[in-house]
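Asker: Take this structure first; my questions come after.
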Amino acid sequence: MSKRLRSNDVCADCSGPDPSWASVNRGTLICDECCSVHRSLGRHISQVRHLKHTPWPPTLLQMVETLYSNGANSIWEHSLLDPASVMSGRRKANPQDKVHPNKAEFIRAKYQMLAFVHRLPCRDDDSVTAKDLSKQLHSSVRTGNLETCLRLLSLGAQANFFHPEKGSTPLHVASKAGQILQAELLAVYGADPGTHDSSGKTPVDYARQGGHRELAERLVEIQYELTDRLAFYLCGRKPDHKNGQHFIIPQMADSSLDLSELAKAAKKKLQSLSNHLFEELAMDVYDEVDRRETDAVWLATQNHSTLVTETTVVPFLPVNPEYSSTRNQGRQKLARFNAHEFATLVIDILSDAKRRQQGSPLSRSKDNVELILRTVSNQHSTESQDNDQPDYDSVASDEDTDVETRASRTNRQKSLDSDLSDGPVTVQEFMEVKHALVASEAKRQQLMKVNNNLSGELRIMQKKLQTLQSENSSLRRQATASACQVQTASDHKDTVSHSSLKRRPSARGSRPMSMYETGSGQKPYLPMGEANHPEESRTRLQPFPTHIGRSALVTSSSSLPSFPSTLSWSRDESTRRASRLEKQNSTPESDYDNTAYDPEPDDTVSGRKGRQRSMLWQGDGPLPDTAEPHAVPSPALPSTEDVIRKTEQITKNIQELLRAAQENKHDSYIPCSERIHAAVTEMAALFPKKPKSDTVRTSLRLLTASAYRLQSECRKALPGDSSLPTDVQLVTQQVIQCAYDIAKAAKQLVTITTKENSS
C-alpha cells in the first residue's frame, strides 16, 4: 500500500536513514528507535503506523507524504532552526545517541511539551486566540496548503470549530472545495464527518453535490472508522460502504462465546450505558486494538536481538492526562484480556454500536415473530429439519451482516406483509404458525428434560465431592499420625529402617496429596503421576457434557481422580513414566488459562513433586508453600551470557514463526512452535528448580506456560475434522499474542539476571 521510500528520506527526530514508520498526526517519518518512544507517549501525542506492513487508505498516506516532503517537521522544530538555539545549548538528537535518555527526552520535549513550536504573542484571553486561529483554519482548508493548516492546528485551532457567521465547520468547507487531503488532516485531528451545518447538510452531502465522489466515499469510511477497525481486527474484512453495508459483526470460529450468567450480565450492563459512556469505552477499545496490532507489526519487523536492548516496550495503553484516573486505569486493564476475552468484548461493542446507530430497541419480540415465520418457510421447503439443533442456531441476531441476498429480502418482506396486513388470516398462515409453536414446544420440553438430567448429575457430583473432602480430611489425619510415629521411632534406629522412613512423609510433605483445596477457588492443585493409577483409585467423577459452562465445575479437567488409600511411594521408574504419559495423553485441550505444562521426570520423587508443583500451580499470586520440608530456595542464577544466548535462540525462532504468519504459511506454525518450546525448555533448565526471587518464578511460569499455549494455538491453524471453519485470522492474532508473552518473559529474565549478577 505504501510508496517506495526515497533514498534521501531521513528520520524526522534523529536524522537516521530509511525511516520505516510514520507519525500520522505529526506528518513526519521516523525510525524504529524513535518509534519506540512515540509509542510510549500514547496515541493522543503521536499516532504511529508502519509504512509497509500496515494497510493504508491511499489518500491518508498521500497526506502524510505531502506534509513530510513539504517540511512539516519544521513546525515542530521551529526554534531549533534559529541560529540562536545553538548558543542556548539545545540541539537535535543524532542517530548515534542512546534512546534513553537522549532521544526519549528530545522527542518528549518536541511533541509532548511542544517546546520548539513557534509561539504567538501572549494575550490576556486564550479563548480569543483559539477562536481567531480556528477562523483562519476555516478559511485555509479551501486551498491545498496542508502545512499552513497543520501549523494552525499545532497552535490550538479546533478542527470541529463551528463558524458563527458562516454556519459551517472547516470540514464542510474542505468537502465543498474537493480538498481530500485537507479532509484527511482534519479527520486525523478529530473532525466529525457527520456534523450538520446551519442548512442541515453534512460534509458528505457537499462532496456529492460537488461531484467529488472519491471524497464522499472516503468521508463515509472515516465516519465508520472505529467499527471498521474493530471488525478488521477480528476477521480481516471491512464493510462495503459503497453498497450500503456499514457493519460486519464477526462470529467466533469455534462458537465459544462466553454464555455464562456473568457474561450476560456484563452485556446487559454494556447495553445500559449512555451513548457518551459507550463512546468512551469504544474509543478505549479502539486504542487497545491499535496497540495490539502495532505490537504485532513491531514483533514481525524488528531484529529480535533488540528485545534485550533499551528500546521501549508498551505493555499497556499509556496514561492520557486529559482522562480521569478511573478511565486511565480501565484503559490499562484492557491489556490483561486474553485473545478470547478481548474478541468477545469487541463483538459485543460492534453489536451494540450497530443497534445504537440504527436506533433499535433492546426488546426484539417483533423480530422474533418474523424469524419464526422465516423458519417455518424453510421447514416446509426442506421437510428434514433437525429438531436436536439448539434454538440459537436458527435465529439470526445482530451479528448478521447488513447485506442480504435479494431472495431472502423478498421472502422476509412477504412474511412481514402477511403478518402486518389488516386483512383476515388465511388457514395456511394459521397452520404455519401453529406448526412453529408445536416445534418450539417440543424443543422446550427436550431442553427441560436435558436440564433435569444435568441437575441430577450435578447433585451426584456434589455428593462425590463431599465424599472426597471427607477422605481428604481422613488422609491428613493419618499423615499427621504417621509423622508423629516417625518422630517417636527416630530414637530407635534398630527398629526403623531408612526405607520405612522414606515411605512415611511428614504432615507438611503430604500436603501436595490434597485432593481438593477449598481456598484455591476454581483452580485446584492437581499433582501428576501419583493419582493416575486405576487399580488404586477409589472414586472417579464423571465429566460434564461438553455444553455445560465452566462455572458448574471446580476444575476444568475431564475427570477428578482420588488418591490411593495406601501411600506406595516405591514404584519403579518405568511405572511412573507410563502413568505420567497416560495422564498427559488424557488431558483435553482447553483454554490457555487452564493449560498445564508437563516437565521431564526427575530421578527422585521429591524432585518430581517439586517440579510438578511449580509448573502446575494455576492460582493467583505466589506458589503455595506445599514443597518438601527440606527444600531450600536456591539463590544462584545462571550467568547473563547464557541467558542472553538462550533468549536470542528463542527470539530467532519467534521471528521465523512471525515470518510464517506474515506469509500465511500456516503449515509452518507447528514446527516453529516446537522449536520455540524446545528453546524455552533449555532456557528454563538454566534456572534453579526453586528460585529465591518471586519475580524469577513468575517470569519462568509465564515463559513455559506461554510456550505450551503457543503449541496449542498453532495446532488450531491446521484444518481439522471439525465441520466448523477455522478463523485463521483470529488464530494468528492469538499466536502472535503468545509469542509476545514469551518474548516479554524472556526479556524479564534477562533483565533480572543482568541486575542480580552485576550487583
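For all residues, glycine too, the Cβ spot is worked out from N, Cα and C.
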Asker: If I go by Swiss-Prot, the feature zinc finger sits on one of 11-34, 251-274, 683-706. Which?
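Answerer: It is 11-34 that Swiss-Prot annotates as zinc finger.
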Asker: Do any residues of this chain, six or more beyond the ends of the repeat 'ANK 3' (199-228), have a C-beta under 8 angstroms from a C-beta of it, and if so which?
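Answerer: Sequence-remote neighbours of the repeat 'ANK 3' (199-228) are 57, 59, 167, 169, 171-172, 174-178, 180, 183-184, 187, 193, 238-239, 241-242, 246-247, 282-283, 286, 350, 353-354.
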Asker: Could you pull out which residues elsewhere in the chain have a CB under 8 Å from any CB of the repeat 'ANK 2' (166-198), counting only those six or more residues past its ends?
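Answerer: Distant Cβ neighbours of the repeat 'ANK 2' (166-198) are 24-25, 47, 57, 59-60, 62-63, 66-67, 134, 137-139, 141-144, 146, 149-150, 153, 159-160, 204, 206-207, 209-210, 212, 214-216, 218-220, 222-223.
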Asker: Over the span of the repeat 'ANK 3' (199-228), count residues by DSSP class, listing helix, strand and coil in order.
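Answerer: Result for the repeat 'ANK 3' (199-228), in helix, strand, coil order: 22 helix, 0 strand, 8 coil.
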Asker: Taking DSSP states H, G and I as helix and E and B as strand, how many residues of the zinc finger (11-34) are helix, strand and coil?
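Answerer: For the zinc finger (11-34), the helix, strand and coil counts are 3 helix, 7 strand, 14 coil.
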Asker: Looking only at the repeat 'ANK 2' (166-198), what are its DSSP counts of helix, strand and coil residues?
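Answerer: DSSP classes over the repeat 'ANK 2' (166-198) add up to 17 helix, 0 strand, 16 coil.
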Asker: Over the span of the repeat 'ANK 1' (132-161), count residues by DSSP class, listing helix, strand and coil in order.
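Answerer: Counting residues per DSSP class in the repeat 'ANK 1' (132-161), I get 19 helix, 0 strand, 11 coil.
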